[in-house]
Every structure is written in C-alpha cells, then in structure tokens.
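Presented below is the structure to which this report refers.
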C-alpha cells in the first residue's frame, strides 16, 4: 500500500503480493492437510463454499463501487475497458487479460485498471482449483499405501513448485511484463507456503533460539527486498526468492520463536491490521487509481495518493464488520449448498455491474466509419485548396485551414472517440505485425502481387500506419509490396541500451529483416520509426539507419524515410474529445515534428539515394494538431494516426512519395 501511495523509500513494495501468496499457500494448505488427515479426503464443495463466503462478499462490493467511481470520475473512453476488467475480475481470470494487455502495443494508452489488483486474487483462486484436486489424489495414495501424509503432500507440491519456478525464471528473462501476471510463473510461491505447512510438525520441535533467529533472518531478507528491489527489476523470476524465502523463514521459525520481534508481530495493532488486510487490499487500489486518473488528470501529488490509501482503512473496517463477517458467519450459509449458491450469485452480480458500466457509456457524435460514404470532403481533404482535386494533388500543395475545417463543436465525428483505439491498420488483423515481445519475422504481401518492381516496408507502427496508402499506390504503379513489421521496433542496426530482453529480440529481428531485404534488393524501401536517441542522442540511432540503408542504396534501392508523427503530452486526445464533444478545440496539442524524425533526417542526409517525406502538415496544420479535422479524428493511441484519417490522405501521400522518390534519385 505504501508503494502504491508513491512513497519513494518502498521501491519494492509490489513484492508484498509475493508475501501474500506464501502466506495464503501456508494457511490454506494447512487447513486442507488437517482435513485429509482427519477424513482421508477433501470435501471440494465445502472447500469452495468456504472460499466463496470468505472472498466474494467484499470482492463483489468493491467491484460494484469501483464501477460507480469509474462512471463518476474517469473518462468515458475507459468504461468498456474497465467493464471487461470488472467482469473478468468477478470470474477470477483477469490476470490473463492483464498479461495480454501488458504486451499489446495497441493498448499503449491504457492506464492501470482500478481493478488491476484483482490479478493476484485470480492467481490464488486458480491455484486452489488445482491444489485440492492434487490433495484428493494424495489422500488416496496415503489411504492405500499408509505412507505419512506430509511427505506425500510435499512430493505433490514439489511437482508444482519446481517446474513453476524454472518457468518463472525463464519467462521473466524473455517477457517480464507477461510473467508478472500469468499464473504459471506464480504457482511456486503458493506452493512454497504449502511446503512450509507440510513441515509444521518438524518446525514445532525446533529450539526456541533457532526459531527466533529464523524469524529475524526472514524479516531481514523480506524487508531488504522491499527496499532494494525496484520497478526495473525483472519480476518475478529468481528475484522473487528474496521476499518469498524470507516469508517462509518467518513461518518456519514462528511456531517456536520468542522475543521482541515476535511480540511486535503479535501486538494488537498488527493483529488489527492483519484482520483487515484483505479488505484493505481490495479498497486501497481503486481509491488510488481514481484519485490519480480522475481527480487529478495530470498526475496526483503524493499527499493525495497517501490520503487515498488512508481512506481505505475506514472502508475496510466497515466492509469487514458490516459485510464480510455477517455473511461469512450467517447461519444459512453454514450449509454448503447455500454457500455455493451465494458464490454463484455474487459472481453474477459482479458481471452485471460490468454490463451496467458498458450501458452507462455515453453515445457520441458519429457518422459512417467509412469516409467515402460521407457527403463532400472529409478528413484531410478539407485542408486542400478548393481548386485541388483530392485524387490529383500536386507535390507542393500546402494545407489551408478554411472555415469549418477544424471545428470546435463538430456536428459529427468519426470514428467514435470511444472506439477509435480500434481504428488501426488492417495489418494487425492480417497477422502481419510481430508483437513487442515476439521473436517471429512476419512477411506479408500487398500491392500488385507478382509484379517485377518491388517495395520493402520495414519498421514499427509508424511505418505500418501508412501501409494502406502504400498498398494503394503500389497497385496503381505496378509494384509488389512486402512488409516486415514489429511493434516498437525500428529497422535499425543500433538500439538504445536496455536490460529489457525485447531490445535484443528487436535487434535480432532487424538483422533477419535486413538479410531478407538485402537478398531481395527491392526497388524501393519505405521505413519510419518513433525511436529517438534519448540519452545517447540521435547520432547513434541515425548511424543504425545508415548501416542498413547505405548498402541497399549503393545497389540501386531508393530509400524513403517517412517522418514520425507527433503525439499529445497530456493524455490520449480521444479521451479529451469524448469528454468535451462541444468544445474539442481544447484538445489540440502542439506539433513537435515527431520524436523519431530527427534521427531519420540525419540518416537521410548521410546516405546518397535516400530522401525524407512528411505528411505532418496535413495531420497538424499550422503547427497545431487538432482533435477533429473534417469531422474525422486524426489520432488514435498516442502519436499514431487513425486509419480512417489515413485513408483521407491518399492524394497527398501519392504526391509526396513520388516527389521523395524523384529527390532520392
């Protein structure tokens, strides 16, 4: 909670979830082992009924309240996304959605979900779908072989823990973003707690001094992880052994430990917080996110985040005493059938709350999503002089912001601001773009298939956004187009230094693409990128372009680099539009030329046979990037141009591409 409040010292506060997993595995496994020891089996319906009574009343309450807070305080563009999060949280599978979103380049504008913390509850419950079934088998083995229960259960837990730990290390090294959320990289943490529970009889015989030392050692290891680990540490992986092993040591020594540390852990304030811990966990994160994303749109001060965390305490206390305990200990729910019915009902209520949030999403001004069906000029066409045919645009044409071209209160907007994030190039649906954490070269063909003249298109989403226009131009001029696209990865031989494994994958991808393109020796290479030099300056990035471009140009390939496009600095532009449909002028931002443009320009200056082309003046006319141009939203996520707007730039694109080709030659 301190970590989520933004307190600077607790850099590894997210490791608290790992502690929670070990404690949960210890407590629940201990209960199940006692049941197997007493009855020889696990009563699955009773177990799941108890879990439903314990978890769902508070969890569902928080989901409902979070839905209301979202409706009241967060942008309408997020309603559907958060509604899905709420629904999948109610079903305890939201961690898989978050894992997918973490590497989804099309979700780059996504802010942390107010129910993102439910991922850990999802992991826990998925473990408890599997583990009781394993214990059923353990009970059967023990009954038939008369082997001791604890060793057999230990074998079962090791069969889960060891592969999961190995996979956690491997997967974290290659894709830490997804590894953080997926169940398979976390099972070992719950199993570790279970392993400690299997040895309770052994730990109870430890000398008190040994127990006390283990508790102190465990706390030192645990607290060290909270202050040494940072958000840049690949997680969970091997680094998660620090808080988990530390917690396990505390549990092992706790049965026999004595002294001031043990008295502190067992003090009334600690026990009070412990009793409220589940409710505190549920309440604090939605409050923090709503304050940071809704109340303070440009970032909340630390005191506001701390206040949000503190506000969770009275809510947790009220929820614990007015909802959790009354339901948990109610006489009707002592019957397993009723407890299971309660669980099903509350799960359905959570899903209905999500549906309600979708229904509350406001409608927006909208026309047909296909601009060709709209009357008159639309999108970038309204910036053309009246005497210029949109299909026959001269290369030297400049935008003219006439009356009504950039309205403050447009009568219609397309695409719908609530749906514009889906207005991306068709290459994504055609499986032509490798993902951020992927390592697969994907080659797709466009234009006039089988034509003798060829075009290679290589780079990230900044060249991909122009593929529909490249495809159309190639068809008209007799070229076959082959695309090599990877999210957040430029066609460049030099990349920024980073420990992130995706940069190595990106470098390897670039080398493979370069070999492909070199072998083909296309007539034309089109590329672009949002990658800037950062701390290294643009020189290194520029040199990386030169390394790939120069040998191609020397053998006759014309290289055209398309300027990067600018993006907003104060959050997604479409969110502003959705909130201010009658005053979209306030959603405009300044054109910075695109952060990736300088490095591209430097490379073009150094390579004979290369030229720049830019469409930025038709996306951001007169140095300003309007929210609506000709009733069309120019931007989707970040600095990317919406596909609908791209299709209205056809004539301008053709003219400028042909001019760039002529200049390069």
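Any Cβ shown, glycine's included, is placed from N, Cα and C.
Automatic prediction, not curation, is the source of TrEMBL annotations.
Here is what TrEMBL says about this protein:
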DOMAIN    11-318  domain 'Acyltransferase 3'
DOMAIN    438-654  domain 'SGNH'
TRANSMEM  12-33  transmembrane segment
TRANSMEM  54-74  transmembrane segment
TRANSMEM  126-142  transmembrane segment
TRANSMEM  149-167  transmembrane segment
TRANSMEM  187-206  transmembrane segment
TRANSMEM  213-229  transmembrane segment
TRANSMEM  235-254  transmembrane segment
TRANSMEM  261-280  transmembrane segment
TRANSMEM  300-318  transmembrane segment
TRANSMEM  339-361  transmembrane segment
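When Cβ distances are compared across the two stretches, the transmembrane segment (54-74) makes contact with the transmembrane segment (339-361), since 3 or more pairs at least 6 residues apart fall below 8 angstroms.
Same-chain residues lying 6 or more positions outside the transmembrane segment (187-206) and placing a CB less than 8 Å from one of its CB atoms are 18, 21-30, 33, 123-124, 127, 131, 150-151, 153-154, 157-158, 160-162, 164-165, 168, 214, 236, 240, 244-245, 247-248, 251-253, 255-256.
Within the model, the domain 'Acyltransferase 3' (11-318) carries an average pLDDT of 88. Between the transmembrane segment (213-229) and the transmembrane segment (339-361) there are fewer than 3 Cβ pairs closer than 8 Å, counting only residues 6 or more apart in sequence, so the two stretches are not in contact. Among the stretches 12-33, 149-167, 339-361, the one making the largest number of Cβ pairs under 8 Å with the transmembrane segment (235-254) is 12-33.
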